[in-house]
Amino acid sequence: RVCESQSHGFKGACTGDHNCALVCRNEGFSGGNCRGFRRRCFCTLKC
């Protein structure tokens, strides 16, 4: 199962999954991607 949480450290519009994933890894997650109408960065973690 994969859990998701919105990134606390990512600032601005999420335009690229790569940058989002890097920020998420710094927050202790396994990765992340941009999602939603407002293009927010969501971090993923196996749970």
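Yeah, the Cβs are placed from backbone N, Cα and C, and that goes for glycine too.
What Swiss-Prot annotates here:
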DISULFID  Cys3-Cys47  disulfide bond
SITE      Lys11  site 'Interaction with trypsin'
DISULFID  Cys14-Cys34  disulfide bond
DISULFID  Cys20-Cys41  disulfide bond
DISULFID  Cys24-Cys43  disulfide bond
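Features per Swiss-Prot, on structure.
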residue : record                          : Cβ contacts under 8 Å, 6 or more apart
Cys3    : disulfide bond                  : Thr44, Leu45, Lys46, Cys47
Lys11   : site 'Interaction with trypsin' : none
Cys14   : disulfide bond                  : Cys20, Cys34, Arg35, Arg39, Arg40, Cys41
Cys24   : disulfide bond                  : Ser7, Phe10, Ser30, Gly31, Gly32, Cys41, Cys43, Thr44
Cβ neighbour count (within 10 Å, all chains shown) around Cys43 (disulfide bond): 25
